[in-house]
C-alpha cells in the first residue's frame with residue numbers, strides 16, 4: 001500500500017495502490033470475522049485476552065500522540081521562527097491560508113458533536129438500551145462521513161498544494177493524517193453498529 005501510494009504520487013499509475021487497498025480491505029473483513037467468531041460465538045475472549053486488547057489500545061493511543069506531537073513540532077518549528085528560505089515570514093509569501101472561521105470551525109463543531117453522540121451510544125449500551133445506541137451510533141457515523149466530505153471540499157478549494165513550501169507540507173500531512181483517522185474510525189464504528197443491530201453481546 002505504501003509503495004503503491006508512493007508510485008501514484010510519482011505518476012506511475014495506481015494499480016499497485018488499488019491492489020494494496022483491496023488487500024487491506026480483505027484483511028480487515030476477515031479480521032473482524034475472526035474477532036466476532038472467537039468472542040461472540042466461541043467465547044474464547046477470556047479476561048487475559050480482554051486485558052491484552054485494552055493494553056493494545058492504550059499503546060496505540062500513545063503512538064498516535066507521538067505522531068501528532070511530531071506534526072505539531074514541525075509546524076511550530078517552522079512558524080515561530082521562519083527561515084529566510086521562505087522569506088522569514090509566516091505564512092510564506094504567496095500562500096493564502098484558509099479562513100479558520102469557515103470550514104475548519106465547522107469541522108471542529110462536527111467532531112465535538114460526534115464525540116457527544118458516541119458517548120451517548122456508549123452509555124446507552126451500558127444501560128442495555130439498544131434503540132438509543134443504534135440511533136446515536138448512526139448519528140456519529142454520519143457526522144464522521146460529513147467531516148470527511150467537508151475535508152475533501154477544503155482540499156479542493158485550497159489555493160496551495162502539498163508541494164508549496166513547508167506550509168503546504170505541514171498542513172496537508174497533519175490534516176490528511178487526521179482525516180485518515182476519521183475515515184478509519186468511521187469504518188470501525190460502522191462495524192460496531194452492525195454488531196449492535198445483530199445483538200452481539202455477552203451476559204456481562
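Placement of Cβ uses the backbone N, Cα and C atoms for every residue, glycine included.
Look at Swiss-Prot and you will find 12-32 (among others) tagged as transmembrane segment.
Annotation comment: Swiss-Prot describes 56-76 (among others) as transmembrane segment.
Look at Swiss-Prot and you will find 101-121 (among others) tagged as transmembrane segment.
Under the heading transmembrane segment, Swiss-Prot lists 133-153 (among others), citing sequence analysis as support.
Within the chain carrying the transmembrane segment (171-191), a Cβ under 8 angstroms from the stretch's Cβ atoms is held by residues 28, 32, 64, 67-68, 71-72, 74-75, 111, 118, 137, 140-141, 144-145, 147-148, 151, 154-155, 158, 160-162, all 6 or more beyond its ends. Residues or ranges marked as transmembrane segment by Swiss-Prot: 171-191 (among others).
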Beyond the flanks of the transmembrane segment (12-32) by 6 or more, those residues with Cβ under 8 Å of it: 1-5, 187, 191
